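Novice: Shown below is the structure under consideration.
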């Protein structure tokens, strides 16, 4: 039963994650990919560390939000395609800056997500 619940949770949240990414891409074009990936780094780290600190977290919710929503929201393939398009357009430095800058910023956003999760979980634990 838990396996079915996990699959349904992933499917449900992936639908919303995909719609959110599509909306960002429509609204911000090229920058939508960057925004989605950096927010995804923050969200995945936040969710992971937040639910690790909560003793009563539900596996189906963690799986659905992490694998489903964040997995559908972020896009490694579009990130690489955008960098490749910059290279093909003769923007070698721009491609290098985009690629390395996004990776470095992703680490920073993941760190910030972990810090925010620890803070939020700590506040919840204080309240009891």
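The backbone N, Cα and C atoms fix where each Cβ goes, glycine too.
In case it helps, Swiss-Prot gives these features for our protein:
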| type | residues | note |
| --- | --- | --- |
| TRANSMEM | 10-30 | transmembrane segment |
| TRANSMEM | 32-52 | transmembrane segment |
| TRANSMEM | 59-79 | transmembrane segment |
| BINDING | 71, 74 | Na(+) binding site |
| TRANSMEM | 93-113 | transmembrane segment |
Novice: Which of the three DSSP states, helix, strand or coil, fits residue 71 (Na(+) binding site)?
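Specialist: Note: residue 71 (Na(+) binding site) is helical by DSSP.
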Novice: When a 10 Å sphere is centred on the Cβ of residue 74 (Na(+) binding site), how many other Cβ atoms does it contain?
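Specialist: So the number of other Cβ atoms within 10 Å of residue 74 (Na(+) binding site) is 22.
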Novice: Around the Cβ of residue 71 (Na(+) binding site), how many other Cβ atoms lie within 10 Å? Please give the count over every shown protein chain.
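Specialist: I get 18 for this one.
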